[in-house]
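**Q** Quick one: this structure, given as structure tokens, is what I'll be asking you about.
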Amino acid sequence: MNILVVGNGGREHAISWKIAQSIFSKKIYVAPGNAGTEIDYKLKNIDISSNDINKLVKFAKEKKIDLTIVGPEEPLSNGISDVFSYYKLPIFGPKKFSAKLESSKIFAKNFLNKYNIPTARHKEFSDQKLAIKYLNRVKFPIVIKVDGLAFGKGVKIIKNIKESEKFILDVLVKKKFGMSGSKILIEDMLHGEEISFTAIINNNGFLPMAISQDHKKSGDKDTGLNTGGMGAYSPVSFVTSSIYNNIIKDILLPTLYGMKKENLIYTGILYIGIMIDYNNNVNVIEFNCRFGDPEAQSILFRMKSDFLLHILSAMYGNLDSQIIELDNRYSLGIVLATKSYPKKYPIGLNILGNFENELKDTKIFHSSTKNINKNLTTNGGRVLCITSLGKSIEDAQKKSKIVANSINWQGKFFRNDIGNREIFYLKKYKNYKF
């Protein structure tokens, strides 16, 4: 099969790398890709933006692409699946209206409430004065979210009224997030542990993948600003079989039922951010209509079965008959980023390190890299994701840190505590059988 992967991040590097292992894949194109996909002889970068839908359609026709897999959320929210389907070009990813589950947090909240899916209480606002008036009656801390896509940076935990007034001014008046911030959600703050539940779904079934835990704050011990994700690991041992069953029963099944009732046409990845409270209750934080990044790197690095076969089964066959085979070891990814990320950061910095000598069971996934005059350079805030397998979480963490410390550029930083929550829970419940 001729495959086109749309996107240029670490998630898309992991997807194309995994697809290349399938017996069903022949040629794999990545649009636009990055330096990591460029140096992989099984992959070919195409200089087309992931948001240039017309050029992607033209390319898919010319190269007789058998399947297009969409990585990032923006082209999905812009209707890439609708356009490809119109031209009878097979594509893996939900239609534009269905992708509103991610592109509009208000749409998602209304959906959750309508189908009695547990989530935090909330109010929506487009007027600054009404929002601040409401905040004078609430108990802090609370959470404020911009309605539209903000690439992981449109959520803020607010500790007091002064802080909330500033954030609302930035969003609703100063338009810091553009049209994405034309409305906001003010939510009760949920407490507990946040996990990422990922599944391949269609309108007739689902295939759960590995559960993972992301680390969204830029600094150790969850300090600093919200980012797109600074690291992830899988599996997550504190998700017991009882909690897992509650996720399926209380969240996934009613979500799929609601999708059918609302005619949300969907064949793709569904990633649900879930908060598990200290009584083991589950609540939906958010829907994402694609893999998380860096969750994709940790999940796909564990996967032993044929990812492309699972996708094809979702599109053409019986998805419920599929079984995902996973390595029983831990997979842990550490994101290497450029100083000042997620604020303004420089690009074009030379990256130094021996990429040829990856440790056994370690993979360097490229997120924002570019080859300039045969020099590997940074091309964004999150640059690389060092992902390792280990018999223990400590083993996987150690391997990733060794490689992370061997790669350098001006201002490189990473979190040192990715996976520490798992270590904490395993020690706390060392006599408990998960």
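Every residue, even glycine, has its Cβ placed from backbone N, Cα and C.
Feature list, courtesy of Swiss-Prot:
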type    : residues   : note
DOMAIN  : 109-316    : domain 'ATP-grasp'
BINDING : 135-196    : ATP binding site
BINDING : E286, N288 : Mg(2+) binding site
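Describe the structural surroundings of these features, if you would.
**A** For K175 (ATP binding site), the same-chain residues 6+ apart in sequence whose C-beta sits under 8 angstroms from its C-beta are G181.
The Cβ of N288 (Mg(2+) binding site) lies under 8 Å from the Cβ of E73, E102, L270, Y271, I272, G273, each of these being in the same chain and 6 or more residues away along the sequence.
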**Q** Return the residues near F151 (ATP binding site) by Cβ distance under 8 Å, restricted to its own chain and a separation of at least 6 in sequence.
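**A** Non-local contacts for F151 (ATP binding site): G228.
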**Q** To the nearest Å, how far is the Cα of V143 (ATP binding site) from the Cα of E286 (Mg(2+) binding site)?
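**A** Rounded to the nearest whole number, the Cα-Cα distance is 13 Å.
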**Q** Write down the Cα-Cα distance for E286 (Mg(2+) binding site) and L135 (ATP binding site), rounded and given in Å.
**A** 22
**Q** Helix, strand or coil: which one is K183 (ATP binding site) in, per DSSP?
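**A** Once the DSSP labels are grouped into three classes, K183 (ATP binding site) ends up as coil.
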**Q** Given the binding-site residues K159, K183, H191, which one's Cβ is surrounded by the fewest other Cβ atoms within 10 Å?
**A** H191
